[in-house]
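*Asks:* If you scroll down you'll find the structure; I have some questions about it.
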């Protein structure tokens, strides 16, 4: 039933749904996977909703850094929600199917939010660069208007990238198999069951990496090169420690996201189960840890949370 079949056996118009294999474990472990996903997803919800609520309700957090952080929490919450609920349903289901439209929508919104997050992280790196390297001009450079434009531009780039990725991925012809060896609609696994020439898909992927993803990494790296150089010039150790503390949370979040995503795509295709486990980290674990990283290492957030709890 799940065999590949001959090339050209069918095309996407004949496919009404796909089968998401998920993790290849014993059936009795599916309930355990469901509970693990549920627990982590609930923590993602609580952590990111709480972070957004704290930022919105406390006027002292009405700064560019927390404006970006609020958007980061929304994005983390969104792309986890795109993947996790369907994965949990399939853990307890025998059919483990997803409709063609549902798979397309999941792929589109996941690509939208994950690319948008890369740009928001780049904007946050630029914000830290201005705050540390040009503190006297910070309020002039990082105006509310510019912050709004940076976030809107991040969503626009994510939207355009997602449209391009989705249209090229799902315009291919599919073989007899409709089995996606993953717990969500992953581009690599979708292309594996395609019968089409994938040269266009590869060209699009390389173009997106060169013109959209790579610039965000360059902005982050260059920004922190200037930040480190500036901080090392601060004469007092207390001043250097304070300056580094404002960047450590963001660096931790960037390292988590790019580290896990890089691991997924550098993992040999011959080990799909390892790729699935690594995918869990940037889909669920990273969005769960991000609010903890910012709240535990940020005195402003801890004070705002303390005031809310004290009032209650």
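Including glycine, each Cβ sits where the backbone N, Cα and C put it.
Because TrEMBL annotations are produced automatically, they should be read as predictions rather than curated entries.
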*Asks:* According to TrEMBL, transmembrane segment applies to one of these ranges: 9-31, 32-54. Which one is it?
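*Replies:* Based on what TrEMBL states, transmembrane segment spans 32-54.
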*Asks:* Out of 177-196, 277-296, which range is noted as transmembrane segment by TrEMBL?
*Replies:* 277-296
*Asks:* Count, for each of 66-85, 105-126, 146-164, 208-232, the Cβ pairs lying under 8 Å from the transmembrane segment (244-265), and report the range with the highest count.
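*Replies:* Selected stretch: 105-126, with the most Cβ pairs under 8 Å.
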*Asks:* At a threshold of under 8 Å on Cβ distances, which of 32-54, 66-85, 277-296 pairs most often with the transmembrane segment (105-126)?
*Replies:* 66-85
*Asks:* Counting only residues 6 or more past its boundaries, what in the same chain has a CB within less than 8 Å of a CB in the transmembrane segment (32-54)?
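*Replies:* Contacts of the transmembrane segment (32-54) (Cβ under 8 Å, skipping residues fewer than 6 from its ends): 22-23, 25, 61, 69-70, 73-74, 76-77, 80, 84-85, 87-88, 91-92, 284-285, 287-288, 290-292, 294-295, 301, 304-305, 308.
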